[in-house]
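Engineer: Marked as SUMO2 cross-link by Swiss-Prot on the basis of a large-scale study or a structure entry: Lys106, Lys129, Lys133. The zinc finger annotation in Swiss-Prot covers 195-218, 271-328, 325-375 and rests on sequence analysis. Marked as Zn(2+) 1 binding site by Swiss-Prot: Cys274, Cys277, His301, Cys304. Under the heading Zn(2+) 2 binding site, Swiss-Prot lists Cys293, Cys296, Cys322. Sequence annotations record features per position, and here Swiss-Prot assigns Zn(2+) 4 binding site to Cys325, Cys343, Cys346, Cys369, Cys372. If you look up Swiss-Prot, you'll see Cys328, Cys331, His351, Cys354 marked as Zn(2+) 3 binding site.
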Amino acid sequence: MATVIPGPLSLGEDFYREAIEHCRSYNARLCAERSLRLPFLDSQTGVAQNNCYIWMEKTHRGPGLAPGQIYTYPARCWRKKRRLNILEDPRLRPCEYKIDCEAPLKKEGGLPEGPVLEALLCAETGEKKIELKEEETIMDCQKQQLLEFPHDLEVEDLEDDIPRRKNRAKGKAYGIGGLRKRQDTASLEDRDKPYVCDICGKRYKNRPGLSYHYTHTHLAEEEGEENAERHALPFHRKNNHKQFYKELAWVPEAQRKHTAKKAPDGTVIPNGYCDFCLGGSKKTGCPEDLISCADCGRSGHPSCLQFTVNMTAAVRTYRWQCIECKSCSLCGTSENDDQLLFCDDCDRGYHMYCLSPPMAEPPEGSWSCHLCLRHLKEKASAYITLT
């Protein structure tokens, strides 16, 4: 049986030109990435490669330093263009360059006759500005080269890859998106790091990071300054109790074991200062009556505790407990504190499984207990949220 041999595949001229253009674009992008990334990871071989620095120019030639050397080349010359070296040997001097600056140089500081380049490099004070301008020129050329390639290299990545002088400040972003990125930096940081330290203002991406910061930074400083008595870390009382009971996770165990001072009759002696602002009244700037915990004696201003008007009046009618001593008002235990639900009108705590009927998940918005619903009626936070 005869076998049919297919003829060679004929490609159109347009297809061939497009393939050549794609090949040229890929090679140009590959060379640009190899010169910018240190090292460059070759996707075809999986080998990390570095720039070889073997390509030199005539202007990079310097005088020989060792016996028998005619030329020497500087290291990594592609990062910064060197000025023309003045060769002392007349046989090696280019005929097109006639520089008459040797005599003034010798008169000024008694520079050596041999390698003039080393003497010029010693005068760093007069050449720093020129070198900075040369570096900026190289950076501009490389960035302009990248704009011609159809790829998505970020301008910020380019700035990180191009080396800078050790004591030089970070340059401004170049390109069309540079201004927009600087303007959106604050909003991106607020969105990526929503957890803020209320003492120093440092931001974190998650709550465990903020908890670690509180425990190992501010708590350690406080324990080093005041070994006799320990103050509680500040916490924010929020109307959203679902977020509020999650804050119990970052309270240190050492702070839970705070021993209260008791009077001879057995009653707890409350602190005479606010544990959060230490008496400064930073929230309002006005004097306020302190609210003290019935179990540990810690005190705080209503504004520092972020209490509402109804909550401030309600906590004085019963034995109020701070966040570290809080227990369920129905069963009287502080176990399973992650299940505690706090009333937004009186700050009493209730286990969700102790309520009638029990709750599987905390409700959205404000929540009022049965006592506040009976006493405040339409003025309760739960009714205000619904309306």
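Residue 1 is the first one shown; counting continues down the chain.
Cβ coordinates come from backbone N, Cα and C, glycine included.
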Engineer: Once the DSSP letters are reduced so that anything not helix or strand counts as coil, what is Cys304 (Zn(2+) 1 binding site)?
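Structural biologist: Where Cys304 (Zn(2+) 1 binding site) sits, the three-state DSSP reduction gives coil.
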Engineer: If you average per-residue pLDDT over the zinc finger (195-218), what number do you get?
Structural biologist: 74
Engineer: What three-state secondary structure does DSSP assign to Cys328 (Zn(2+) 3 binding site)?
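Structural biologist: SS state of Cys328 (Zn(2+) 3 binding site) = strand.
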Engineer: Please give me the CB contact count at 10 A for Cys304 (Zn(2+) 1 binding site), counting all chains in the structure.
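Structural biologist: 25, counting other Cβ atoms within 10 Å of Cys304 (Zn(2+) 1 binding site).
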Engineer: I'd like to confirm something. Which of the binding-site residues, Cys328, Cys331, Cys343, Cys346, Cys369, has a Cα closest to the Cα of His301 (Zn(2+) 1 binding site)?
Structural biologist: Cys346
Engineer: Relative to the Cα of Cys325 (Zn(2+) 4 binding site), which of the binding-site residues Cys296, Cys304, Cys354 has the closest Cα?
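Structural biologist: Ranked by Cα distance from Cys325 (Zn(2+) 4 binding site), first place goes to Cys296.
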Engineer: Please report the distance from the Cα of Cys369 (Zn(2+) 4 binding site) to the Cα of Cys304 (Zn(2+) 1 binding site), rounded to the nearest angstrom.
Structural biologist: 23
Engineer: Where does Cys372 (Zn(2+) 4 binding site) sit in DSSP terms: helix, strand, or coil?
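Structural biologist: The three-state answer is helix.
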Engineer: In this structure, which of the binding-site residues Cys277, Cys293, Cys331, Cys346 has the fewest other Cβ atoms within 10 Å of its Cβ?
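Structural biologist: With the binding-site residues Cys277, Cys293, Cys331, Cys346, fewest surrounding Cβ atoms within 10 Å: Cys331.
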Engineer: Is it possible to list how many residues within the zinc finger (195-218) are helical, extended or coil according to DSSP?
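Structural biologist: For that range the per-state counts are 12 helix, 4 strand, 8 coil.
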Engineer: I need the least crowded one of these binding-site residues (Cys322, Cys325, Cys343, Cys369, Cys372), counting other C-beta atoms within 10 angstroms of each C-beta.
Structural biologist: Cys325
Engineer: What is the total of other Cβ atoms whose distance to the Cβ of His301 (Zn(2+) 1 binding site) is within 10 Å?
Structural biologist: 26
Engineer: Give the distance between the Cα atoms of Cys296 (Zn(2+) 2 binding site) and Cys274 (Zn(2+) 1 binding site), rounded to the nearest whole Å.
Structural biologist: 13
